[in-house]
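Working notes for the structure below.
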Amino acid sequence: MNNSTPSSGVYANGNDNKKFKGDRPPCSPSRVLHLRKIPCDVTEAEVISLGLPFGKVTNLLMLKGKSQAFLEMASEEAAVTMVNYYTPVTPHLRSQPVYIQYSNHRELKTDNLPNQARAQAALQAVSAVQSGNLSLPGAPSNEGAVLPGQSPVLRIIIENLFYPVTLDVLHQIFSKFGTVLKIITFTKNNQFQALLQYADPLNAHYAKMALDGQNIYNACCTLRIDFSKLTSLNVKYNNDKSRDFTRIDLPTGDGQPSLEPPMAAAFGAPGIISSPYAGAAGFAPAIGFPQATGLSVPAVPGALGPLTLTSSAVTGRMAIPGASGIPGNSVLLVTNLNPDFITPHGLFILFGVYGDVHRVKIMFNKKENALVQMADASQAQLAMNHLSGQRLYGKVLRATLSKHQAVQLPREGQEDQGLTKDFSNSPLHRFKKPGSKNFQNIFPPSATLHLSNIPPSVTMDDLKNLFTEAGCSVKAFKFFQKDRKMALIQLGSVEEAIQALIELHNHDLGENHHLRVSFSKSTI
């Protein structure tokens, strides 16, 4: 078989293998992705799980003998978002790094190939779960068929608690599957438990599928996860026991830590841990740690790269591999910008999609680098995860945590060329209002933009022209049926959409209406 006959589909390795040797340029984007170095014992469902957060997976071909697979996404846009996301953050399957790139093939034709039954069964199961026609594997029968559209709240019990698990540790782990809105922790029947609410019930399903029965640390702290009967959590205080990530204005209440040090000893681990906060002598962190035998989950948008839980995580600070900055810091270092196009205001608008930007400083002597100060560390983390690796004005942007704790404003009379700006009182902050709906509409950059606040007199052609004049190619457009103040517009690429958002968010449409632009999870 070779690549020349279209009917042979992709049961071919010629072109896809050659390009690792560096004798041909990388492929142009395709909705078919080529995965290398997949572990030989990996299941079809695990490979599909890498693509799920980015959109529908429409086909799969496993070449286990070659440790390779081909994954076909429903759209090229989904594939581009997936490659952009996994380029700076290598995904892991069974604790082994997996490499993803575009295939030469534009679609997968697997009808006549042997051994495809398992792949097709896995695809059908996932598709049924996504469309809500099936209960998830492992769902407790006594809760009936657990369907998407049910609760976004998970009930988590942690067994074998030989080592304290904090609210922050839970947030870091579960954030890998989507935006976590609220967490409440408590002790019941001598067991440490938590309720955790996602922005979307589907995130809760993926998290339960991946995490139920896994150990947080090797050989201990086992997660037991069920869907809660509650559909929403009411958090009164932001402290070590409970937190509402959509409301930074809540009081701390009594602020008691959720686990006092003596509690760990009560769970029967004397001798292994002298002090629960000194680092676990007997338990290597198991989460996303390539050499650990515990839990390794593929990173998902809205989340960290592979997590390393160090002893500092127990006190609520996360060590992130490769980040020389300070964990818990709200300042980002953004590098590889295009100095001819980038401005403090442009960075304010773009990073403002993922949090409230307080200050921006473009480096005076090195204008392709900038510091962006967010309102808090979780917003900085969210912006870093979503924007690092995206193309902007022809260059691939990189974002990491900075060593600086704050962006300093220039002193009186100091020459700055307008490169440092304070936006802390800007009316354009998206997340100022506690409980704002915007917290539930945070999505990775995509070629489809969500437009809102459109006045009645503005037509489809007006909006199409506005984007065309900004240098975009408009592929599709539609107003929302129920609410003509909102629309979706699909542009030629994710990069075009990012640049259009920077340029046109808050654009004056007349009649006292300023256009609001954000990334959409939908396609037209």
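Numbering starts at 1 and runs along the chain as displayed.
Positions of Cβ are set from backbone N, Cα and C atoms, glycine also.
Curation plays no part in TrEMBL annotations; they are all automatic predictions.
Residues annotated as region 'Disordered' in TrEMBL: 1-28 (among others).
As annotated by TrEMBL, compositional bias 'Polar residues' applies to 1-10.
If you look up TrEMBL, you'll see 154-230 (among others) marked as domain 'RRM'.
Per TrEMBL, domain 'RRM' is recorded for 330-404 (among others).
Taken from TrEMBL, the feature region 'Disordered' applies to 407-427 (among others).
TrEMBL lists 447-522 (among others) with the feature domain 'RRM'. Averaged over the domain 'RRM' (447-522), the predicted model has a pLDDT of 94.
Look at the domain 'RRM' (154-230): DSSP puts its residues at 22 helix, 34 strand, 21 coil. For the domain 'RRM' (447-522), the number of residues in each DSSP class (helix H, G, I; strand E, B; coil) is 21 helix, 22 strand, 33 coil. Look at the region 'Disordered' (407-427): DSSP puts its residues at 0 helix, 3 strand, 18 coil.
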